[in-house]
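Provided herewith is a single structure, encoded as C-alpha cells, for subsequent inquiry.
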Amino acid sequence: MAEKRNIFLVGPMGAGKSTIGRHLAQQLHMEFVDSDTVIEERTGADIAWVFDVEGEEGFRKREEAVLEDLTQEQGIVLATGGGSVKSKENRNRLSARGVVVYLETTIEKQLARTNRDKKRPLLQTDNPREVLESLAGERNPLYEEVADYTVRTDDQSAKVVANQIVKMLEER
C-alpha cells in the first residue's frame, strides 16, 4: 500500500479485531489503535465501569467522539468496538476515511473466545448465547453495509487472517 490509508476493523466481540489488528499493523508498518483502549484512557475507567455508570447510551456517545478523532488520523489500523456500527455517523466516518474490513465469526467461536472475559458488559448475563444471537441479528447487516472486505476468522490464526487482509489490500 503506497498511500497511508487507514484500515478499520469491524465485527462482533470475539472476532479477533484487536489481535488481528496488531498483526496487520506490524506487517504494514502502521500504528495499531484500539478504540476501547482509547475510551478507557480518556475516561480513566474501564468499559464495564462506563456501562455501569453511564449505561450503553453514555458509552456510545464516548465511542462516537473517539471515532470522530481517530478516523481523522492517517496510517492507522483501528480495532473498533463491536457496537460502533450502530451509529450511522460512525458508519459514514469509517466508510469515508479508510478501508473497512469486517471480521466475521460464528456465535460458537465468540462464546469460546469470550467465555472467561469479565470485561464485556453485554455478556454479564445468564445466557450469553442469546445475547450474542440478538446482537448478531442487529449488527451483522450493519457490518456488511459498511465493509469493503469480509474475512471469516473462525478456524485461522490471527497471523493468517492478517496475511489474507494484506493480500486483499495489495490486489485492490
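Positions of Cβ are set from backbone N, Cα and C atoms, glycine also.
The ATP binding site annotation in Swiss-Prot covers GLY14, ALA15, GLY16, LYS17, SER18, THR19, ARG120, GLN156, and the record cites sequence analysis as its basis. Taken from Swiss-Prot, the feature Mg(2+) binding site covers SER18, and the record attributes it to sequence analysis. Summarising the annotation, Swiss-Prot assigns substrate binding site to ASP36, ARG60, GLY82, ARG139.
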Counting Cβ neighbours within 10 Å across all chains shown, tell me which of the binding-site residues LYS17, ARG60, ARG139 comes out on top.
LYS17
Please find which two of ASP36, ARG60, GLY82, ARG139 have the most distant C-alpha atoms, given that the record lists them as binding substrate, and give only that distance in angstrom, rounded to a whole number.
18
Which of SER18, THR19, GLN156 (the binding-site residues) has the most other Cβ atoms within 10 Å?
THR19
Give the distance between the Cα atoms of THR19 (ATP binding site) and ASP36 (substrate binding site), rounded to the nearest whole Å.
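Rounded to a whole number, the Cα-Cα distance is 13 Å.
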Restricting to the same chain and to sequence separations of six or more, state which residues have a Cβ under 8 Å from that of GLY82 (substrate binding site).
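Non-local contacts for GLY82 (substrate binding site): GLY11, PRO12, MET13, ALA15, LEU135, ARG139.
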Sorted by position, what residues of the same chain at least six away from GLY16 (ATP binding site) have a C-beta under 8 A from it?
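In sequence order, LEU103, THR105, ARG113, THR153, ALA158, VAL161 meet the Cβ cut-off.
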Give me the count of other Cβ atoms within 10 A of the Cβ belonging to ASP36 (substrate binding site).
22
Using Cα coordinates, what distance in whole Å links SER18 (ATP binding site) and ARG60 (substrate binding site)?
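Per the Cα atoms, SER18 (ATP binding site) and ARG60 (substrate binding site) stand 19 Å apart.
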Around the substrate site recorded as ASP36, ARG60, GLY82, ARG139, what other same-chain residues have a C-beta within 8 angstroms of the site's C-beta center?
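Nearby residues not in the site list: MET13, GLU63, THR80, GLY81, GLY83, SER84, VAL85, LYS86.
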Give me the CA-CA distance between LYS17 (ATP binding site) and ASP36 (substrate binding site), in Å, as a whole number.
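Each residue's Cα considered, LYS17 (ATP binding site) and ASP36 (substrate binding site) end up 11 Å apart.
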Rounded to a whole angstrom, what is the C-alpha distance between GLY14 (ATP binding site) and ARG60 (substrate binding site)?
19
Least buried of the binding-site residues GLY14, ALA15, going by other Cβ atoms within 10 Å?
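Output over binding-site residues GLY14, ALA15: least Cβ neighbours within 10 Å is GLY14.
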Rounded to a whole angstrom, what is the C-alpha distance between GLN156 (ATP binding site) and ASP36 (substrate binding site)?
24
